[in-house]
Amino acid sequence: MPVSRIAALRASGSLRYISTSPRLASIGPRYSQASALASKPFGRQCRLKSTAEPPRVAPKGLTSKASQNGGEQKGQQQTGPRPSLWAFLWQAIKRDLKRGRQNMKNQSWRDIMRDTPGEAIGGIVAVIVAVGAVGYVIFLYFTYFNSPKFTRYPEPVAQALRKALYFSNQDPDPKRALKYYKQAVELADEHGLDQFSDDYMGIKIQLAAWLEKIHSYDNAIMILENMLNDCKRWVDAMEKAAAEGTLSKYDPTLQPQPKEEEEGKEADKNAAPPEPRENFWGKRTRLLKKAVGISVKLANLYSDEHVLERETAHERIVWAVETTLRELNRRAKGPLKEGEGEWMADSEVGGALESLALSYFGTKQFHLAVPLLFQALRLSEDQCHTATLMGNIATAFAEHPLLPPGDAYADKQMIESKSWATPQQQRKAYLHAAENWANNAIANSKVPKGEKRTPECDVACAAAVINLGSILAQMGKQGEAKKKFEQAIKMIQEKGLEESEQYLAEAEAGLTRLNSTTA
């Protein structure tokens, strides 16, 4: 079975607080020993007076209030709050600094370097490292937690998001992370954030991505399904109002200027003018693109091995592609509405088409995947991904079913289809086309150099070589197929690809099949 390279869907430190039991110093009584000689008079025993008066025992049932208060205070002193680890460490650091300052007073720096050069140099290095670490933490705080992705939210929402991301990435704690994600959504509602704004939906998308990361696929799917349905309802209601003429006219106006912190502060004349406010048509475009992206992501989740709902996955990706093409057709027929904005980029449209093609791969409908892959190939801008698409086209041709001549899209792209007389000739033509596309994928994967060459080029090349080996084996060229499998194994071992285990297993399995048939 040839290998198809499935393109991945492309959809953000702080101190760690630890509490531990501090070390408590035990305090015990001090004893002094003394020896005394005493004479023993006749008829009686004498002893020296003890150093401490014997305790006076109160009558049974009577206890002085002072003794009770003293006991309570003593108990409070013994069971007082224990210092945290950071307080304990800070006390230790202060003691060490005090000891070092005393040593510096007693000795000059020259004497210290002469007597203990190793310890002196080590101390200098430790101070430099400590200062650098503190500076790095401060830098992370101001560049990450005070970045625009947080400051755009109201402060309570931003604070909850910071905690949620901290317990998601830095100190994983699913319960606390989920708590702060929910708190961020609730606070966003309280502060009146638009539920269809990118900021509000971004919180839910981040929550769904985190749930997928911890393998809570059902909850991630539920959140994305709710978002998809909300976007669909808003777009349908807006389109219905526009068709009935009840959509209120809303001219784009400039956003209000933010209030200055200090009265009388003049605005910068060189600052860029504020962007026009989004109107209904612009919001429709944004939500429709968001819905298409969510639908593609849902198709990916439904087709995951932990869910395996292929029919539902196929429905989601079909809706995404149909919506994308329908919107492209509408825009091609008439002028754009005011403030409508641009539609999806070519690479995004190609990604949706490719996802649908790979969905057809899963249902063994390779003849339906061929036209989608050709359209995605025309829209591809990255040469490494172009090689991936060519390898997938080779797979589709190699697995293409035998249909009546002219019924399949692939037949229209092949001149040989006009002279087919038997199914054997048709099959041979499909394998020949698959061989050509596999060779094209290998050639294109070697073209990018320098920064343009990404790891996807190596992955596409390895997958195409394995595909070519399988195709040659089906064509009866056993010797050439064996060389391709050996070449793929060597390439995978040398370059250490991301999915090396999967590709290595496929190449070794193909080589084993060849050896078993020739034996």
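Including glycine, each Cβ sits where the backbone N, Cα and C put it.
According to TrEMBL, the compositional bias 'Polar residues' annotation covers 64-81.
According to TrEMBL, the feature region 'Disordered' maps to 50-81 (among others).
Per TrEMBL, the feature region 'Disordered' maps to 246-279 (among others).
When the repeat 'TPR' (462-495) is classified with DSSP, helix, strand and coil residues number 31 helix, 0 strand, 3 coil. Feature annotation from TrEMBL assigns repeat 'TPR' to 462-495.
Annotated transmembrane segment per TrEMBL: 120-144, in sequence order.
Here the repeat 'TPR' (462-495) has Cβ contacts under 8 Å with residues 1-5, 387-388, 390-391, 394-395, 398, 428, 431-432, 434-435, 438-439, 441-442, 445, 503-504, 506-508, 510-511, 513-514, 517-518 of the same chain, all six or more residues outside its ends. Each residue in the repeat 'TPR' (462-495) has a pLDDT score, and their mean in this model is 90.
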